[in-house]
Amino acid sequence: MRIVLVGPPGAGKGTQAVRLAEKLAIPHISTGDLFRANISQQTELGKLAKSYMDAGNLVPDEVTIAMAKDRMEQPDAEGGFLLDGFPRNVSQAEALDELLVTEGIKVDAVLDLEVPEEEVVKRIAGRRLCRNEPSHVFHVTYSPPKKEGVCDICGGELYQRDDDSEETVRKRLEVYHTQTEPIIDYYKTQGLVVTISSLGPVDEITQRALEALKREKAEQ
Ligand code: ADP
Ligand code: AMP
């Protein structure tokens with residue numbers, strides 16, 4: 001299956017993507033993670049992306065689409081993928097459609113994670129990421145690591161993202177509403193959107209998502 005995950009920053013896309021990718025045996029492709037890997041490796045792309053990310057803006061389409069295309073063309077993504085954070089505006093969604101059409105494939109479902117804004121703000125404020133890759137995600141109160149500042153899974157150091165400051169989060173939410181939300185309507189016209197609540201225990205949301213995707217597949 002080729003799935004697009006949508007939802008505001010902090011909705012739980014990364015958290016759910018890891019679980020869904022494992023259950024569905026498809027790779028999790030996060031453009032945010034790809035940019036952060038470029039930043040930590042100090043590549044030219046990383047240097048360019050950082051200035052946009054730190055301001056809460058989108059990285060320009062041209063470089064983002066090229067990076068996503070390159071990742072989707074890796075052999076492990078041949079049978080499907082779960083996109084997290086891409087596409088993030090209508091031009092990217094159109095570019096993705098064009099890219100898939102040339103291969104004779106298409107997006108199968110768009111999973112829209114709904115969360116009230118006040119919850120998103122709390123989730124982002126407490127988010128901690130592991131410096132290792134793949135980067136495991138924790139929350140200081142909702143899913144705290146056993147030992148403060150240390151990843152339970154690989155022992156890596158936990159850190160707070162530069163763009164998770166209150167001011168940048170406000171900007172990212174505005175960018176989400178103005179630029180990313182319109183892709184939900186874009187995909188609705190293709191009959192691909194399934195919306196679920198992203199409130200409650202993580203495992204329950206994964207179950208909700210799997211059932212919603214199963215229903216969507218059966219209807220097609
Ligand atoms: P996104 O990828 O959409 O930006 P994340 O998956 O990184 O969001 O989640 C944001 C924060 O919220 C993380 O700290 C994560 O641990 C926490 N979180 C994710 N899902 C839930 C949930 N269902 N309940 C409480 N906290 C959650
Ligand atoms: P995320 O990890 O998905 O929260 O993304 C972090 C930041 O990376 C965003 O605020 C953007 O600056 C940048 N980014 C990630 N994905 C994209 C995308 N598809 N288009 C443009 N910028 C992106």
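Glycine too: its Cβ is placed from the backbone N, Cα and C atoms.
It should be emphasised that the depicted structure is a prediction, and the values quoted were computed from it without experimental measurement.
Per TrEMBL, these features apply:
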type	residues	note
BINDING	GLY10, ALA11, GLY12, LYS13, GLY14, THR15, ARG127, VAL137, PHE138, GLY200	ATP binding site
REGION	30-59	region 'NMP'
BINDING	THR31, ARG36, ASN57, LEU58, VAL59, GLY85, PHE86, PRO87, ARG88, GLN92, ARG161, ARG172	AMP binding site
DOMAIN	127-163	domain 'Adenylate kinase active site lid'
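The AMP site in the record is lined by THR31, ARG36, ASN57, LEU58, VAL59, GLY85, PHE86, PRO87, ARG88, GLN92, ARG161, ARG172, and its two most distant CA atoms lie 24 Å apart. Per DSSP, the domain 'Adenylate kinase active site lid' (127-163) is made up of 2 helix, 12 strand, 23 coil. Within the model, the region 'NMP' (30-59) shows a mean pLDDT value of 96, rounded to a whole number. Least packed by the Cβ count within 10 Å, out of the binding-site residues PHE86, PHE138, is PHE138.
Under 6 Å, Cβ to nearest atom of ligand 2: this is the test, and of the binding-site residues GLY10, GLY12, GLY14, ARG127, PHE138, ARG161 it is passed by none. Taking the C-alpha positions, the distance from PHE138 (ATP binding site) to ARG161 (AMP binding site) comes to 12 Å.
Assigned with DSSP, the residues of the region 'NMP' (30-59) fall into helix, strand and coil as follows: 21 helix, 1 strand, 8 coil. Residues from the binding-site residues list (GLY12, PHE86, ARG161) with a C-beta closer than 6 Å to any atom of ligand 1: GLY12.
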